[in-house]
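Participant: Take a look at this one; I'll ask things after.
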Amino acid sequence: MDQYNHSSLAEFVFLGFASVGYVRGWLFVLLLLAYLFTICGNMLIFSVIRLDAALHTPMYHFVSVLSFLELWYTATTIPKMLSNILSEKKTISFAGCLLQTYFFHSLGASECYLLTAMAYDRYLAICRPLHYPIIMTTTLCAKMAAACWTCGFLCPISEVILASQLPFCAYNEIQHIFCDFPPLLSLACKDTSANILVDFAINAFIILITFFFIMISYARIIGAVLKIKTASGRKKAFSTCASHLAVVLIFFGSIIFMYVRLKKSYSLTLDRTLAIVYSVLTPMVNPIIYSLRNKEIIKAIKRTIFQKGDKASLAHL
C-alpha cells in the first residue's frame, strides 16, 4: 500500500490534551462552564435584540449577528475538545478534520468581516451623524451581514482543497487541541511551502486588511470625538465604541500572532494558548463586554424578563 496515499490515513489523533493528567476533570468542568456561558450569553443577547423593538437599530443588528455567529464558531471546536478530554481515544477522521478546519476558518473569517462592518457603522454614526439614517438602512445592514457570511465561507475553500490533496505518512498525531492548518501541514510527507504561502496570503489579506480598515475607522472616530466640546458628549461617543474595540483587540490580537506567519515550525505551547484565547475566551467574553457595559441591553433584558413575568402572572389569574 502506498504510504503517501491519504486514504491509508483514516484518522488523526489529538495530543493537545494528552498530558493533562490528574487535572483532566477540572479542565473538563472549566471548559464546559465556559461553553455553557458562551451559549447562554450569546443566545440571550441575540434573543433580546430580536425581541425588543427599542434595539432594532443597525448597531444592535450587527451585535445580534455577531452573537449568532459566535454560537456556531464555538460549536465547531469546543464539543470535540470536551469529548477528547474525557475520551482515551482522542481521534477524528480525515474528512472530519478537514470539515472542522473549514468551518472554523469560515466562521473566523466571517467574524473578521463582521467586526469591520461594525466599525464602519460606528464611523458613520459618529463622524457622519446627519447622513447615518440615510446610508445605514435596514436593507444595507442585511446586505452587509450577508456579504460577511458569504465572503467568510468562500475564503478557506482553496486552503482546504490544497490540504486535502497532501500526502500523509503513517504519523497521524496532531500536536494541537483541534484541527487547524498549521498542525495539519506539519504532518504532510512533502514540501508544504506552497500551502504555507497560500495560507499566509489568504490570512494576511483577511486579517490584516480588515484590521487596517477597523483601525482607520477608529482613528477617524477618535478625531471626531476629540472635537466634541462637552465632556459628556465625548464620554457618550466613546462608550458606544468601547465594547466593539475591546472585542477587536482581543480577537485580532490572538489570530494575528497565530496565522500571519511564514513558517512551518511553531511553538506548541504558544499555539495552544492562542487557540484557547480566540476559540474559547473571545466568544465567552463577548456577552460580558456587550451586556455589562451596555445600559440599553441591560434595560432590554430587564424589560424582556419582566414582561414574561407579567404575562405568566396574568395567565394564572
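If you go along the chain as it appears here, the first residue is 1 and each next one adds 1.
Just so it is clear, glycine is given a Cβ too, placed from its N, Cα and C backbone atoms.
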Participant: Tell me whether ASN84 and CYS127 fall on the same side of the membrane, as recorded in Swiss-Prot.
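Facilitator: Different domain labels for ASN84 and CYS127.
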Participant: Is CYS189 (disulfide bond) helix, strand or coil when read with DSSP?
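Facilitator: Once the DSSP labels are grouped into three classes, CYS189 (disulfide bond) ends up as coil.
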Participant: Count the Cβ atoms, other than its own, that fall within 10 Å of the Cβ of CYS189 (disulfide bond), considering every protein chain shown.
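Facilitator: Total other Cβ atoms inside 10 Å, all chains included: 15.
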Participant: The transmembrane segment (238-258) and the transmembrane segment (140-160): do they have three or more Cβ pairs under 8 Å, with pairs 6 or more apart in sequence?
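Facilitator: Contact between the transmembrane segment (140-160) and the transmembrane segment (238-258): absent.
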Participant: Pull the DSSP breakdown for the topological domain 'Extracellular' (161-197) and write it out as helix, strand, coil residue counts.
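Facilitator: Secondary-structure breakdown of the topological domain 'Extracellular' (161-197): 14 helix, 4 strand, 19 coil.
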Participant: For the topological domain 'Cytoplasmic' (47-54), what are the DSSP-based totals of helix, strand and coil residues?
Facilitator: 7 helix, 0 strand, 1 coil
Participant: Can you work out which residues elsewhere in the same chain, 6+ from the ends of the topological domain 'Cytoplasmic' (121-139), have a Cβ less than 8 Å from its Cβ atoms?
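Facilitator: Same-chain contacts beyond the ends: 58-59, 61-62, 217-218, 220-221, 224-225, 237, 240-241, 244.
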